[in-house]
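J.: Dropping a structure here in structure tokens format, bear with me for questions.
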Amino acid sequence: MYQSPRRLCSALLLRDAPGLRRTLVPGPRRTLAPPVLGSRPKSPQLQAAAASGAARSRPRTVSSMGNGTSRLYSALAKTVNSSAAAQHPEYLVSTDPEHLEPIDPKELLEECRAVLHTRPPRYQRDFVDLRTDCSSSHSPIRVMQWNILAQALGEGKDNFVQCPVEALKWEERKCLILEEILAYQPDILCLQEVDHYFDTFQPLLSRLGYQGTFFPKPWSPCLDVEHNNGPDGCALFFLQNRFKLISSTNIRLTAMTLKTNQVAIAQTLECKESGRQFCIAVTHLKARTGWERFRSAQGCDLLQNLQNITQGAKIPLIVCGDFNAEPTEEVYKHFASSSLNLNSAYKLLSPDGQSEPPYTTWKIRTSGECRHTLDYIWYSRHALSVTSALDLLTEEQIGPNRLPSFHYPSDHLSLVCDFSFNEEPHELF
């Protein structure tokens with residue numbers, strides 16, 4: 001049966017949140033103030049979301065679920081069944097966008113706010129202006145990198161001992177994830193540990209104007225968890241009104257000639273405004289201490305694949321990922337010294353421009369507290385410039401129980417950068 005986007009959006013929320021069928025009592029208001037540096041064109045849907053976000057600090061009464069509003073709250077629940085991933089073994093790029101009607105982001109934000117009304121406010125993060133010369137004649141490209149924490153792993157395997165079980169409930173956590181995406185309005189979204197692609201992110205983000213690709217791990221650890229939602233993997237989304245897809249490659253990474261359980265997606269996109277092409281890639285390397293050589297081999301394999309896709313660095317490149325590696329590891333050094341001439345964007349936030357942030361993930365497990373820098377956005381330094389980057393949460397904001405929490409939905413912080421093409425992109429060396 002056909003469902004309007006409005007009903008669809010509410011259905012996705014309510015499928016996992018039957019409590020919302022009751023009248024919601026207004027709780028402490030949560031603040032969403034999208035910190036956008038400068039003016040940048042957005043899709044009409046995301047412009048509406050930004051306008052809604054600016055007004056979020058004003059108190060509002062949350063309506064009951066009867067009558068007209070029931071259509072809204074019927075929406076984050078009835079799309080694809082939870083077992084949808086098993087029904088899509090081919091993991092195709094996307095459904096036909098002509099058969100999808102857009103969602104109003106303001107309505108989506110309102111639904112998320114209603115679900116999250118009892119949670120504390122989300123913290124503001126500001127963009128740091130990194131421009132060193134006059135701005136480009138074209139609109140910057142905003143890229144978001146984020147390991148969103150697979151739901152099955154958060155509930156079943158990752159042992160976040162200081163995180164209340166209630167903070168991990170999917171019906172609320174997915175709204176925090178969506179809220180973060182809507183707040184920063186990325187043109188390109190690179191995600192890891194996605195285990196709700198078909199039933200949440202693909203149907204919703206496609207109606208916000210994104211085209212998506214999902215590539216699961218062949219032997220996802222999520223499948224070992226009871227009541228899982230299918231395998232986790234990498235997902236890549238881009239705004240269709242800004243970019244044209246030229247090519248897409250799913251890469252199963254190898255190490256010592258052996259195929260591994262880690263994957264990557266690499267896509268060549270063309271900017272509709274400027275006509276310039278670039279490659280965007282997302283990956284998630286092997287985790288855990290003791291696997292450093294394995295990660296190094298995976299990184300070398302990924303670099304070789306990207307070398308071929310970019311025609312020997314002729315095409316500018318952006319690589320986003322959870323590398324599960326500190327800057328002292330070999331795989332980091334491989335990327336820093338690659339012939340692709342890559343630089344790590346978040347080094348630019350340091351006083352000398354040479355140091356990575358002190359952490360991108362901070363959690364407490366049964367084995368102890370883990371504070372590491374594992375997530376990166378690499379870019380072709382002679383073809384692209386970073387014009388701004390989103391600052392990280394402070395230790396005080398993260399709090400003593402660390403991540404995830406009622407404030408923040410993942411154990412990894414999102415990284416967001418604005419890129420512009422250098423005026424002479426052919427001079428890569």
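Using the three backbone atoms N, Cα and C, a Cβ is placed for every residue, glycine included.
Given the structure is predicted, the values throughout are model-derived calculations rather than measurements.
So Swiss-Prot says this about it:
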- 1-73: transit peptide (TRANSIT)
- 21-68: region 'Disordered' (REGION)
- Glu193, Lys217, Pro218, Trp219, Asn261, His284, Leu285, Lys286, Ala287, Asp322, Phe323, Asn324, His412: substrate binding site (BINDING)
- 341-351: region 'Interaction with PPARG' (REGION)
J.: Which chain-mates of Glu193 (substrate binding site) that are at least 6 residues away have a CB under 8 A from its CB, listed by sequence?
T.: Asn147, Ile148, Leu149, Ala150, Leu153, Asp232, His284, Asp322
J.: Tell me which residues of the chain lie with their Cβ under 8 angstroms from that of Pro218 (substrate binding site), as long as they are six or more apart in sequence?
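T.: Long-range Cβ contacts: Pro231, Arg252, Lys259, Asn261, Val263.
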J.: Six or more residues beyond either end and a Cβ under 8 Å away: which residues meet both conditions relative to the region 'Interaction with PPARG' (341-351)?
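T.: Beyond its ends, the region 'Interaction with PPARG' (341-351) has Cβ neighbours at 128, 130, 313, 317, 319, 335, 357, 360, 376-382, 386, 389, 391, 415, 417, 428-429.
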J.: Under a criterion of Cβ-Cβ distance under 8 Å and sequence separation of at least 6, what residues of the same chain contact His412 (substrate binding site)?
T.: Trp146, Asn147, Ile148, Leu149, Asp322, Thr360, Thr361, Leu374, Asp375, Leu403
J.: How many of the residues that make up the region 'Interaction with PPARG' (341-351) does DSSP mark as helix, as strand and as coil?
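T.: Per-class counts: 5 helix, 3 strand, 3 coil.
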J.: Using a 10 Å radius around each Cβ and counting other Cβ atoms from all shown chains, which of the binding-site residues Leu285, Ala287 yields the largest count?
T.: Leu285
J.: Output, ordered by sequence, the same-chain residues six or more apart from Phe323 (substrate binding site) with a CB under 8 Å from its CB, or 'none'.
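T.: Looking at Cβ-Cβ distances below 8 Å from Phe323 (substrate binding site), excluding near sequence neighbours, one finds Thr283, Leu285, Arg295, Gly299, Val331, Tyr332, Leu374, Asp375, Tyr376.
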J.: Helix, strand or coil by DSSP: which one applies to Pro218 (substrate binding site)?
T.: coil
J.: Could you check what DSSP calls His412 (substrate binding site) once collapsed to helix, strand or coil?
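T.: Assignment for His412 (substrate binding site) reads strand.
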J.: If you measure every Cα to Cα pair among Glu193, Lys217, Pro218, Trp219, Asn261, His284, Leu285, Lys286, Ala287, Asp322, Phe323, Asn324, His412, the residues listed for substrate, what is the largest value in Å?
T.: 23
J.: Let me know the DSSP-derived helix, strand or coil state of Leu285 (substrate binding site), please.
T.: coil
